[in-house]
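I have placed the structure first, in the form of structure tokens, so that the comments after it can refer back to it.
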Amino acid sequence: MKAQLGTDEGKHKFVLKTPKGTRDFGPKEMAIRERAFKAIISCFKRHGAEVIDTPVFELKETLTGKYGEDSKLIYDLKDQGGELLSLRYDLTVPFARYLAMNKITNIKRYHIAKVYRRDNPAMTRGRYREFYQCDFDIAGQFDPMIPDAECLKIVHEILSDLQLGDFVIKVNDRRILDGMFAVCGVPDSKFRTICSSVDKLDKVPWEEVRSEMVGEKGLSPEAADRIGEYVQLHGGLDLIEQLLQDPKLSQNKVAKEGLGDMKLLFEYLTLFGITGKISFDLSLARGLDYYTGVIFEAVLLQQENEHVEEPLSVGSVAGGGRYDGLVGMFDAKGRKVPCVGVSIGIERIFSILEQRLEASEEKVRTTETQVLVASAQKKLLEERLKLISELWDAGIKAEMLYRKNPKLLNQLQYCEETGIPLVAIVGEQELKDGVVKLRIVATREEVNVRRESLVEEIRIRTSQC
């Protein structure tokens, strides 16, 4: 075994580590993660979503040509003498393939699963090569902007529920962007590539984006300057009205359509009471090729945190939009199924929750055990096994120490360390009297409970925890 692990002289030393851009999740991390998943799933269910799952790898062809410049980040699997496969890059393209393949034209679904990107990881900011996505999508032919508004409401509910601090949801529309590019003099063939330059504006200043457009992508300086005037604008209904009056944009059919829908969207969001957190932002581009209408991204605002020296910069924590053409790309007859959806960036959210818990030094429970079955005297293993079996059969979460004659102090200490709130102590006297001594770990108070009432007593006491 040692030789295999390369500890022999002259052999390559084998280092135990996880691959670049990945990590293990121990019990503590998983407990925090489960908490976040629970909030997200309960929100998706509150909005009436069904759940699906798809394979972790797809035919390479399924993923090709759907992600624009990001396609280079797709993991291709080695040819095993058969189909050419790639690991999924997101959950949206597999969803579109699933709809087209099964000829589904109407579904509201959520999907929580791992995706893979050959990105340069920034682990502290929750950027990995293997990570979870939590997606909610509405597919089907509906009246404009009603499902889109619900997707934004969902983002608002989840971010409020997780108490991540102040956030803003930026909203734009691919049609407004395309119209803006057209009136600024960007050639049609450069729309997508200029779009991915604009998408970098949340990370780098306008000057850098401008020089990329002109220097690398061959756009005329005049066109770049005109784009510059628009992409610095953000606001609400007032800005939409202003742009509807804009002499150039209002003449562009596509942009006008997008602005009309944006106005409708804001009216619905006003009824939902969430416009305080929504910003119509012309610099929002979202790099993916498949968006056709409304696009949005939720960003956490910097907060000075007394526990942490420098404020957390985690960027985008949710994003999504409308993609009406994607399903049609998989359909032999090109039949379209309009879709709109949102993806919650669980890894980034998780990074924040983790750092926050570390800073607060709050103890995280990694089990849900309600009671430890203990004994104060020797030779009571059989009685402990009988009692714990009764509790398990009644649906109580119970543990015991795997020793014949454990010391009472060790048993109580185990409860302190793991956060178990109750101890059920069996002793000879208690057995004679038909009772169990129930100890409340936090207060050290002890009460005798009749054996037949024990399950109910444990339920009552742990429901208050």
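Note that the numbers count up from 1, one per residue, in the order the chain is shown.
From the backbone N, Cα and C atoms, a Cβ is placed for every residue, glycine too.
Lifted from TrEMBL, the feature list:
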DOMAIN    21-353  domain 'Aminoacyl-transfer RNA synthetases class-II family profile'
BINDING   Asp90, Leu91, Thr92, Arg117, Gln133, Asp137, Arg286, Tyr290, Tyr291  L-histidine binding site
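Of all Cβ atoms in the shown protein chains, 25 besides its own fall within 10 Å of the Cβ of Tyr291 (L-histidine binding site). Around Gln133 (L-histidine binding site), the same-chain residues six or more apart in sequence whose CB sits under 8 Å from its CB are Asp90, Leu91, His111, Ile112, Ala113, Lys114, Val115, Ser343, Ile344, Gly345, Ile346, listed in sequence order. Within 10 Å of the C-beta atom of Arg286 (L-histidine binding site) sit 22 other C-beta atoms, taking all shown protein chains into account. Averaged across the domain 'Aminoacyl-transfer RNA synthetases class-II family profile' (21-353), the predicted model reaches a pLDDT of 90. The most densely surrounded of the binding-site residues Asp90, Thr92 is Thr92 (count of other Cβ atoms within 10 A of its Cβ).
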